[in-house]
Amino acid sequence: MDGGALTDTSLTDSYFSTSFIGMNGFGSPVETKYPLIQRMTNSSSSPSLLNDSAKPYAGHDPLTSSASSLFNDFGALNISQRRKTPNPTASEFIPKGGSTSRLSNVSQSNMSAFSQVFSHPSMGSPATAGLAPGMSLSAGSSPLHSPKITPHTSPAPRRRSHTPNPASYMVPSSASTPVNNPVSQNPSSGQVIQKETVGGTTYFYTDTTPAPLTGMVFPNYHIYPPTAPHVAYMQPKANAPSFFMADELRQELINRHLITMAQIDQADMPAVPTEVDSYHSLFPLEPLPPPNRIQKSSNFGYITSCYKAVNSKDDLPYCLRRIHGFRLVNTKCMVLVDMWKKIQHSNIVTLREVFTTKAFSEPSLVFAYDFHAGGETMMSRHFNDPNADAYFTKRKWGQHDGPLPRQHAGLLPESLIWAYIVQLSSALRTIHTAGLACRVMDPTKILITGKTRLRVNCVGVFDVLTFDNSQNNNPLALMAQYQQADLISLGKVVLALACNSLAGIQRENLQKAMELVTINYSSDLKNLILYLLTDQNRMRSVNDIMPMIGARFYTQLDAAQMRNDVIEEDLAKEVQNGRLFRLLAKLGTINERPEFQKDPTWSETGDRYLLKLFRDHLFHQVTEAGAPWIDLSHIISCLNKLDAGVPEKISLISRDEKSVLVVTYSDLKRCFENTFQELIAAANGQL
């Protein structure tokens, strides 16, 4: 590239544009002359209406012109007026490109000193000193643009984490930005010294980002790319929406949100307390047992109930498993609870805390777990069909056995069973490595979310309920025995899945169940079940079944990565929608406002009139026949161009069709920002 020394006359707003930031937003052809440095995008953690888009594009006013918005912004930020402390009321951190006019605020002696340290031709002397291409001297253009969360790190780590320049992938990694300057430069460096001011501290660093090659043209506003080929050919549905996520995924997420936000009417369910310890908004996840119930849980030996609740300490939803009528006598079992808290695994529901309470009008022990909305037990998913046990039930005299169940015709596909085996064995491996035992490997305590995602639930409950005084000296004394029982329980779960019936794991039906497995499934699955259910003369480990799983592990890994590709593609469709919504929200606060500052015609005059016509251009288009012309791509494209402030011209026609105004998106963006800032100032009582 031939980026020479920059002068005030050659610099316009277009050079300092931040519209290059974001997805596919990297400048116009006329600006490829100068190497660009990628800047931080808007923070997703602060979706403020004040300054969410802020991607000024090329204006046509010189930098030193009073009409230049960039000149006005920079004029308000001299050294004496800069904030030396963090500004907690600002919205986001959006570094903008600096200008040579800002160098007047830096002493000549200091610049000379830096010139000796950083031998860069563009910083040799004040006369020829200009900002290196892409150099930024400002952390924001005005108090409304300054950061809500002040950065606490230098630019170096942030440059390693922000969005990379797409041109970097098109040039060799050893490429550098050449600078044509009369002053000689070390050929081994070939790099640009960048300067950036963050929170009152000025950083100098070397920009090693390769510059775009000559002839590269990137879109100058946000666009929606097509679906990636590896995802497009993967999806079975050809009519999937192009701008939004798949309907199936959306419905699943909506169902999770509904369950997470569900509440009860306290008048209809007075037995549910309003608050338990630090948890509130309890919602039963299972039918509540009757008050006079005598039958106890077949798993724990106590009456249990389950609730969704919100923790007042962090405002996050949790699942509370209540053990009715249990008095905790020995607190030394909390050693095991602390060990369970440290386990974090994708196939285990994490235990957060255990506490006792009398909020339910009787002593109760409560286990708090992570809440996974929309989860259902393996029992309800696969063993809820009463006809599934027909193959194992005894026939009356003269009746014949029904047809033998087959895969996809009464039995689960083997690939699904192996997917469950991989996840359950992974959970057991983590638990056993931590020196603990699962002890709840049961279809009623295994949660399924989505299609095939498993999580082992209610871990640690048995460790508390069955703890006795004999374990005071060594709470882990019986863990080896419990771990062997976990392997047997895993074998029973796999056999029940292969038979698609809990009757198959009963002792009198084991032979018939194994014959069914031998006929319908591979020998590896049969051998795995036999190994888990057969007593061995030695201590077994969950690692022993890894050779039986074999290459099927890679199949599950490939399926998980393909699923991740699909979800990332759906996320890419939604990544810009929040920005466009906030843009429409700002526009909606301006258009058709009945009165402002006691002026009923405020929204119909001046800059607001242009925005009104632009709103008609967005939503009120008609065909030649006068029918409404509705095109979502037109709306999205126009909003993206407005957000970036591109120099493209559009024709705005008045409603009486007597006036035609030709304006650029850059002009509309300037009107839009000024008008919205006027509303913000009035809302804050500054007018």
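Positions of Cβ are set from backbone N, Cα and C atoms, glycine also.
Listed in TrEMBL for this protein:
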type     : residues                                                         : note
REGION   : 79-107                                                           : region 'Disordered'
COMPBIAS : 98-107                                                           : compositional bias 'Polar residues'
REGION   : 125-191                                                          : region 'Disordered'
COMPBIAS : 163-191                                                          : compositional bias 'Polar residues'
DOMAIN   : 292-554                                                          : domain 'Protein kinase'
BINDING  : R321, D370, F371, H372, A373, G374, G375, E376, T377, T444, K445 : ATP binding site
COILED   : 551-589                                                          : coiled coil
REGION   : 590-687                                                          : region 'Knob domain'
Secondary structure tally of the region 'Knob domain' (590-687) (DSSP, helix then strand then coil): 50 helix, 14 strand, 34 coil
Which same-chain residues, if any, lie at least 6 apart from G375 (ATP binding site) yet have Cβ under 8 Å of it: L447, I448, T449, R455
For K445 (ATP binding site): intrachain residues, at least 6 apart, with Cβ closer than 8 Å: N299, T377, V456, N457, C458
Cβ atoms near R321 (ATP binding site) (within 10 Å, other residues, all chains): 23
Nonlocal neighbours by CB distance (under 8 Å) for A373 (ATP binding site), same chain, sequence gap 6 or more: N255, R256, H257, I259, T260, P317
Cβ neighbours within the same chain of F371 (ATP binding site) - under 8 Å, at least six residues apart: T260, K308, P317, Y318, C319
